[in-house]
Amino acid sequence: MSTRHDEITVQDCYLMEKPIPERTNLNKTTNEEEKRQSQAKDVEVAAGEEGEVHTGIPWLVPKIASAYFAFFVFGLNDGAVGALIPRIEEYYHISHAVASLVFLMQFVGYICACSTASLLLTHIFHSMLYISLFAIATQGLCYVLLCWGPPLPLFIISYLFSGLGLGVQEAVFNTFLGGLPGATKLLGALHGFYGLGAAVAPIIVTQGLIDKGKVWHDYYFVMIGVSVLAWVFVGVAYWSERTQKCNSASTGEESVTAVVEVPLESEEEAKNNSTDLTTGQKNLKDALKYSLTWLFGIFCLLYVGMEFALGGWVVSYMEDVRHASESDAGWVATGFFLGITAGRFVLPFPTARMGEKLAGTVYLCVVLALHLLFWLIPHFIVGAICVSFLGFFLGPLFPIAVSLASKTLPREVHVSAIGFIAAVGGAGGAAFPFIAGVVASARGVSAIQGLVIGLIGAMIALWIVIPARWGRCLHSYEGYSKDDTSREAKKKVKLGGPPLVITAVILRARITNTPVRKIHIRKSRLKP
């Protein structure tokens, strides 16, 4: 039986229940590892807050910036729909229910993105560069079809391409940033740029086009221009990855600290486990075996659905129910999305102190209270203020959910699981605004607020049910196992963190003496 050396994390060791022999070395690396690190010119390690290690990869800042710009364009797309709906209904002479079919087509596109993102990534494009360019080009195709005011059937079908392109982008960029150190803040900024784009869009529609006598579909010439810029920006930023397969390593996260030796039972098992862990790829079927994947997916479905149901119909609500002018109603939508933007930039800092579970619960309760005030107080200024602050506390919930999912799900299913969660969330952003349009046609636009209240209540109940720590969650996986020893280790993880995981695994391993495998432990996971 020969020795096989592969690099995994201590959480992977704990998940596979591989024992560790008595002989351990937690303070030095091997010569081979030192050589590998010295040759990795594209890796820079800088110490962050509280001893946390931040690892860089080539062009990391441009890659993050290009993801932010892509999400800014994403926001320009979604934020404009609510302001355009009254103009679209007037142009085509259609009801709320027919106009809401654009959301249904986006829903179909997101379902396609959810079903094919993993396949596209692993079997067709193989890298962040090509799948990102494909997604942006698909999104741009929608705008090319819309910019000339097409017939109604083609207008509705065009949003299928929008949903597909945006869904793939959301899965890819959420997975990329979710795997970097400081993921909560990075994801908060990512979705903050989305909110910024969504906040600017109603102003462009109402102040820049409608008030100047332009037709509604001129807005999509603007979208074609920014989509081309996003395509070029992403292409340049990710050009270095054109020959690299996209896996968990592509997130830029490298393990740099200690070495633990773990026994392998056989050469064949070593080969199989090495393949799984170095590629970081598990198909969607494996990811869906974890109940947490479904819980986070349903939560994001409700969250994005609630955000779009409110943001997509708030202009129509303010015009029809509060009798606001087109310009004033557009500013209310802008205030809502500006609140989302500010919340995603500001609230990650208190969230990091409170922990995702507690912070999410507090923010959801505040959102519920503010929406009740907006609904029950029939005053334009009070309603506008409540909507803005509602967006502020609503904004960080999606990145918080993605960050918590990356900490509570096994690392080897991150790509598929987070991609599924993001795509299902996008599907909610298409499905529930369509449902809201049907409700508005049947009961009036004011009935949409009751639907939103129900969605917020369901989100609160589901968030409380998600099994995660109420304090700060510093480790990446609270494993689930069937044997008694692992259950004890699991309890220690929840109480004390990763150092106790290492201790538990080492103690279990002292009864064996078999070939070994190296494991790298991230310093950021060794904080008490």
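Yeah, the Cβs are placed from backbone N, Cα and C, and that goes for glycine too.
The domain 'Major facilitator superfamily (MFS) profile' annotation in TrEMBL covers 63-469.
Long-range contacts of the transmembrane segment (67-85) within the same chain: residues 96, 99, 102-103, 132, 136, 139, 162, 166, 169-170, 173, 176-177, 189-191, 193-202, 204-206, 216, 219, 222-223, 226-227, 229-230, 233-234, 308, 311-316, 330, 333, 337, 429, 433, each at least 6 residues beyond the stretch ends and with a Cβ under 8 Å from a Cβ of the stretch. Annotation source TrEMBL lists transmembrane segment at 67-85 (among others).
Beyond the transmembrane segment (97-121), the same-chain residues lying 6 or more positions past its ends with a Cβ under 8 Å from any Cβ of the stretch are 81, 85, 88-89, 131, 134, 155-168, 170-172, 246, 283-284, 308, 312, 415-416, 419-420, 423-424, 426-427, 429-434, 436-438, 440-442. Residues or ranges marked as transmembrane segment by TrEMBL: 97-121 (among others).
TrEMBL lists 128-146 (among others) with the feature transmembrane segment.
The transmembrane segment annotation in TrEMBL covers 152-174 (among others). Within its own chain, the transmembrane segment (152-174) has Cβ neighbours under 8 Å at 67, 70-71, 74, 77-78, 88, 92, 94, 101-103, 105-110, 112-114, 116-117, 120-121, 128, 131-132, 134-142, 145-146, 187, 190, 402, 418-423, 425-427, 430, counting only residues six or more beyond its boundaries.
Tertiary proximity for the transmembrane segment (186-207) is limited to same-chain residues at least six positions away from its ends with a CB under 8 Å from its CB atoms, namely 64, 67-69, 71-80, 82-84, 87, 173-174, 177-178, 180, 216, 219, 222, 311, 315, 326-327, 329-331, 333-345, 347-348, 351, 391, 395-396, 398-400, 402-403. Per TrEMBL, transmembrane segment is recorded for 186-207 (among others).
Same-chain neighbours of the transmembrane segment (219-239): 59, 62-63, 65-67, 69-70, 72-73, 76-77, 80, 84, 127-129, 132-133, 136-137, 139-140, 143-144, 146-147, 204-205, 209, counting only residues six or more beyond its ends whose CB sits under 8 Å from a CB of the stretch. Residues annotated as transmembrane segment in TrEMBL: 219-239 (among others).
If you look at the transmembrane segment (292-317), the same-chain residues 6 or more away from its ends with a CB under 8 A from one of its CBs are 78-79, 81-83, 85-86, 96, 103, 198, 202, 329-330, 332-333, 336-337, 340, 371, 387, 390-391, 394, 397-398, 401-402, 404-405, 408-409, 413, 417, 420-422, 424-433, 435-437, 440, 445-446, 448-449, 451-452, 455-456, 458-459, 462-463, 465-467. The feature transmembrane segment is assigned by TrEMBL to 292-317 (among others).
Only residues 6 or more beyond the boundaries of the transmembrane segment (329-346), in the same chain, are considered here, and those with a CB under 8 A from a CB of the stretch are 75, 79, 82-83, 188-189, 191-196, 198-203, 205-207, 307, 310-311, 314-316, 318-319, 383-384, 387-396, 399. Look at TrEMBL and you will find 329-346 (among others) tagged as transmembrane segment.
For 358-376 (among others), the entry in TrEMBL reads transmembrane segment. Sequence-remote contacts of a segment are chain residues at least 6 beyond its ends whose Cβ falls under 8 Å from one of its Cβ atoms, and for the transmembrane segment (358-376) they are 310, 347, 350-351, 382-383, 386-387, 389-390, 393-394, 396-397, 400-401, 404, 449, 452-453, 456-457, 459-460, 463-464, 470-471.
Remote same-chain partners of the transmembrane segment (382-405), defined as residues 6 or more beyond its termini with a Cβ less than 8 Å from a stretch Cβ, comprise 174, 178, 183-184, 187-188, 190-192, 195, 292-293, 296, 299-300, 303-304, 306-307, 310-311, 314, 318, 322, 331-332, 335-344, 346-348, 351, 356-357, 359-360, 363-364, 366-367, 370-371, 373-374, 417-418, 421-422, 425, 459, 466, 468, 473. Summarising the annotation, TrEMBL assigns transmembrane segment to 382-405 (among others).
What TrEMBL records for 417-440 (among others) is transmembrane segment.
Look at TrEMBL and you will find 446-466 (among others) tagged as transmembrane segment. Residues 292, 295-296, 298-299, 302-303, 305-306, 309-310, 313, 317, 320-321, 357, 360-361, 364-365, 367-368, 371-372, 374-375, 397, 404, 432, 435-436, 439-440 of the same chain lie 6+ residues outside the transmembrane segment (446-466) yet bring a C-beta within less than 8 angstroms of a C-beta in it.
Regional average pLDDT for the domain 'Major facilitator superfamily (MFS) profile' (63-469) in the model is 81.
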